[in-house]
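Chemist: Below, the features straight out of TrEMBL:
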- 124-243: domain 'Palmitoyltransferase DHHC' (DOMAIN)
- 318-342: region 'Disordered' (REGION)
- 14-34: transmembrane segment (TRANSMEM)
- 50-68: transmembrane segment (TRANSMEM)
- 168-186: transmembrane segment (TRANSMEM)
- 206-228: transmembrane segment (TRANSMEM)
Amino acid sequence: MAPSGSRSVDCWRVLYWIPVLFISLIVAWSYYAYVAQLCIETIENTGEKIVYLLVYHVLFIMFVWSYWQTIFTKSMNPLKEFHLSHSDKELLEREDRRESQQEILRRIAKDLPIYTRTMSGAIRYCDCCLLLKPDRCHHCSACDMCILKMDHHCPWVNNCVGFANYKFFMLFLAYSLLYCLFVTATDFQYFIQFWTNGLPDTQAKFHIMFLFFAASMFSVSLAFLFAYHCWLVCKNRSTLEAFRAPAFQHGPDKNAFSLGTSKNFRQVFGDEKKYWLLPIFSRYQLLFSSIKKSQCECSVISFPHIFPPKPLRESQSRLLSNGQSEGSEDRDTRGETTVTPHLRSLQNTANLSVLCALTKDVTCRYEVNVQL
């Protein structure tokens, strides 16, 4: 017999799907109202009807596709190297003083590519997952796990929005906004006819009226939300980082992860322009998940910063590469010096998660490009 605590958790997990079910029902009704009641029953011009249906179905498919991807893309978690070993856990549990615990965590963190700290300057440690948090990683209480580059937990998708699905979330906002704007614009003239008694007295006129109200109200809210996340993408910040700047040894730095608008955008949508508008994995960090043998060019671009450069330790390099690296010096289009060591055999998807979570080091800006 299952324990009562387990049944309670299962009940809460079912309740988490109520917002998703609500959105799904709204979308299903809007499809019926627009296609059956507006286009088929009300619009008499055949050419107008065909154009409306073609454009509508393109937007509808992209909207539903991106929404599906946002919901069912599994969040990415930190590598096992960030988890404490059994001996380290025992050692940490035996220590009662906070200073001693921090000393243990600092010893472990020195072999990991971790640069962010708590606001008090301590090592970021998750008591629930028993791991050292990679940069930009946060624990989600709803998912009960640490999420790489966590932005927020969205109840409307019942999932954490983070490294794995942030592109899908952005496309979901974009296509849902376009969907609502298109429905509002094409339904407007028939909405006016409803109030001027220009429509036949059928049930279609009530669908047309409520469809206009629903689409226009969702358009306003989606426009503000989409504009806000566009600003976050341009600044390379998450929602959590916008409210509280990431802290480092020298203190908080709200622009610590910004590489410039263009590179910030490509860090979310990838380098391949043909995939930008499609809710599929196009970010260069994820291309390795299906490639067993390939090369990765890691360009370390020097930028003016208040820190002196901090070279990676041997153990830190091991997280990024299983093979040897060789360096070459080149100059990019802006005249900045770049060092491009080739990192081979990035076979573990989790390694790529860490790469993205640490895409921009505080002292040296890392840009990962794939060469197939």
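Every residue, even glycine, has its Cβ placed from backbone N, Cα and C.
Keep in mind that TrEMBL annotations are predicted by a computer and have not been checked by a curator.
Values in this document were obtained by computation on a predicted structure and should not be read as measured data.
Describe each of these features in terms of where it is and what it packs against.
Modeler: Taking Cβ pairs closer than 8 Å, the transmembrane segment (14-34) reaches residues 56, 60, 63-64, 67, 71, 142, 155-158, 183, 187, 207-208, 210-211, 214-215 in its own chain, all 6 or more past its ends.
If one looks beyond the transmembrane segment (50-68) by at least 6 residues along the same chain, the residues whose Cβ comes under 8 Å of a Cβ in the stretch are 23, 27, 31, 34-35, 38-39, 43, 157, 168, 171-172, 174-176, 178-179, 182-183, 186, 277, 279.
Sequence-distant contacts of the transmembrane segment (206-228), counting only residues of its own chain at least 6 positions beyond either end whose CB sits under 8 Å from a CB of the stretch, comprise 26, 30, 32-34, 37-38, 42, 170, 173-174, 176-177, 180-181, 183-184, 187-188, 190-191, 194, 199.
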Chemist: Determine how many residues of the domain 'Palmitoyltransferase DHHC' (124-243) DSSP places in helix, in strand and in coil.
Modeler: 67 helix, 16 strand, 37 coil
